[in-house]
Amino acid sequence: AILTGVPYYILPSTSRAGFSPDNLRKNTSQPSCPLDLITQLRFPRRIGVPVIFTPQNSSLKVVPLSHNLNIHTCSDLWFCPESKIWTVKSSSIHRGLVVTTGGTFRSLGSWFRIERHGDSYKLVHCPRGSTPCRDVGIETVGGGGRRYLAPRDRPLAVRFTRASG
């Protein structure tokens, strides 16, 4: 069970390379604000930055499947003035919608859900807080093969690992 308010890493079910907002990556020369993409780290065993899941029903202690929730990057280090809450925004550079930070707590546009996907899970984005929702998958861009999260027809199978400490 995933507990409300507890930090977890989101990891692809087939890899140990996790995710991090661009503004926290050490190889970034300057912050990527305001469009701070959630990108996959290039090195296996780099598990990324943990997140906290907050269900729409704040009285729940366990995050339920297929219910609205906010995803909040859990890091004391932050270089952008925008919030740490995940949302989906349009990007002309990346030609479409991307998962980014700068969302608003408990508001339309910042709702995601965790759903079963075979033996794993998947994230879906529900912009209106209800259907239709769209699977969150991986998009690859550039010659370096930078991988970032975006609404896609093919979901990314993920698992969750509780952050220690």
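Quick reminder: no glycine exception, Cβ is built from N, Cα and C everywhere.
If you look up Swiss-Prot, you'll see C33-C80 (among others) marked as disulfide bond. Packing around C80 (disulfide bond) is summarised by its Cβ count: 19 other Cβ atoms lie within 10 angstroms of its Cβ, all protein chains included.
There are 21 other Cβ atoms within 10 Å of the Cβ belonging to C126 (disulfide bond). The feature disulfide bond is assigned by Swiss-Prot to C126-C133 (among others).
Among the features that Swiss-Prot reports, N-linked glycosylation site is placed at N27 (among others).
Here Swiss-Prot flags N57 (among others) as N-linked glycosylation site. Within 10 Å of the C-beta atom of N57 (N-linked glycosylation site) sit 11 other C-beta atoms, taking all shown protein chains into account.
There are 20 other CB atoms within 10 A of the CB of C133 (disulfide bond), with all protein chains counted. When the alpha carbons of C80 (disulfide bond) and C126 (disulfide bond) are compared, the span between them is 25 angstrom. Here N57 (N-linked glycosylation site) is positioned 16 angstrom away from C126 (disulfide bond), judged by their C-alpha atoms.
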